[in-house]
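Student: Can you read through this structure? Questions will come right after.
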Amino acid sequence: MGWKTLDDMDLNGKRVLVRVDINVPVVDGVVTDATRIQRIVPTVRDILAAGGKPILLAHFGRPGGERRENLSLKQLVPTLESAFGTKVLFAADCVGTEAELAAQALQPGQVLLLENTRFHAAETKNDADLAAGMARLGDVYCNDAFSAAHRAHSSTEAIARLLPACAGRLMQAELQALESALGAPERPVTAVVGGAKVSTKLELLGNLIDKVDYLVIGGGMANTFLVAQGVSVGKSLAETAMKDTAAEILTKAESTGCQIVLPRDVVVAETFEANAPHHVLPADQCPDDGMILDAGPESVAAIIEIFEKSKTLIWNGPLGAFELEPFDAATNAAALKAAALSRSGQLISVAGGGDTVAALNASGAAKDFTYISTAGGAFLEWMEGKTLPGVAALDQ
Ligand code: 3PG
Ligand code: MG
């Protein structure tokens, strides 16, 4: 690892521009999961303790280069203040005169939060001028946003080349935990990949086949694979246009010796609603007006059997429509089994991704997983062995 940490930097009296990922879920102005905020606290505290002045750079949602009030970071100030236990000032832009004056005026013990970097279209183009404008605000750059490190943006990539740069505590912890659990994983290795779409995880699935012994496919994505096998899935969520690609993945898996695990039985309802009337059917018996909302008990038993034989588990994406009771049953049962095996030392388990972590928290399984990453996309790209631009840029 060629990057520096906060311990290698002289922070006393310095303005430290910290790229954080506080892209947290907010419903009606209320933060519903503050995990990402809690996990940057050590970095902010350590900078303050060393006499540095933290200036937070972050994105929020995908405003596409427009100033959108509902995506203003200002709404997170109270949550940040209570997490840090200190005053958080706010500047209404991440570059320019107002931000520069606020950065100059920052007092020891205070934190400055800059407005959503993605209000500038240049941010996602990794624009050098925008990065230079940000760099004027600080003396040192610290990247603590592992979960945004798969993006080559001005605030994650270009800026790291303009100031003395280092990794924050969460960035360090994420990279170290992933490396120690998954760098040379004990086999058999099982991956659970769920969620709605094959199209967004296609490359991942293709790459994972080379790396894992069992690939459990769940959620809407599993329906696309059933379609690829010639099974009718009724009204279920499925990307029928992707069926040939899914078939190619199945064929490739056969040649590499990776066992793909698809649902054997499914929970079918007629409407996408909590507590919709439902029944369990064999996976190839979904009626035309039916919708597959979860994996059935036989499928769960098969998954649990695989977990028992595995030494390492990687999990991203729920097995069913976990946000609707009781269609969270398969996800919960499998997660609790993984948690129990991890607790007894039989399994190394790592999970990442917003929906996944929400599901594992809801079932109470998260606390027993070996490691929970704050990252979704970045975690998956790391697993595929891809270079993360935000990490690579710290190698100076
Ligand atoms: C995330 O929540 O996935 C990260 O904050 C990155 O956001 P993005 O997927 O919009 O780039
Ligand atoms: Mg994302």
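Residue numbering: from 1, along the chain as shown.
Each residue, glycine too, has its Cβ placed from N, Cα and C.
All annotation found in TrEMBL is predicted automatically rather than curated by experts.
Annotations for this protein, taken from TrEMBL, read as follows:
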type    : residues                                                               : note
BINDING : Asp21, Ile22, Asn23, Arg36, His59, Phe60, Gly61, Arg62, Arg118, Arg151 : substrate binding site
BINDING : Lys201, Glu323, Gly353, Gly354, Asp355, Thr356                         : ATP binding site
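Help me understand the surroundings of these features in the structure.
Tutor: There are 27 other CB atoms within 10 A of the CB of Asp21 (substrate binding site), with all protein chains counted.
Mapped onto three states, the DSSP output places Gly353 (ATP binding site) in coil. For Gly353 (ATP binding site), other Cβ atoms within 10 Å of its Cβ number 26.
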Student: Sort the binding-site residues Asn23, His59, Arg118 by C-alpha distance from Asp355 (ATP binding site) and give me just the closest.
Tutor: Asn23
Student: Under a threshold of 6 Å between Cβ and any atom of ligand 1, which of the binding-site residues Asp21, Asn23, Gly61, Lys201, Glu323, Thr356 are retained?
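Tutor: The binding-site residues passing the 6 Å Cβ test are Asp21, Asn23.
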Student: For the binding-site residues Gly61, Gly354, which one has its C-beta crowded by the most other C-beta atoms within 10 angstroms?
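Tutor: For the binding-site residues Gly61, Gly354, the Cβ with the most other Cβ atoms within 10 Å is Gly354.
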Student: Out of Asn23, Thr356, which of these binding-site residues shows the lowest number of other CB atoms within 10 Å of its CB?
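Tutor: Taking Asn23, Thr356 as the binding-site residues, the minimal 10 Å Cβ count falls on Asn23.
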Student: Report, as a single number, how many Cβ atoms besides its own are within 10 Å of the Cβ of His59 (substrate binding site).
Tutor: 26
Student: When the number of other CB atoms within 10 A of each residue's CB is tallied over all shown chains, which of the binding-site residues Arg118, Lys201 has the maximum?
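Tutor: The residue with the most neighbouring Cβ atoms within 10 Å is Arg118.
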Student: Counting across all protein chains present, how many other Cβ atoms fall within 10 Å of the Cβ of Glu323 (ATP binding site)?
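Tutor: For Glu323 (ATP binding site), the 10 Å Cβ neighbour count is 13.
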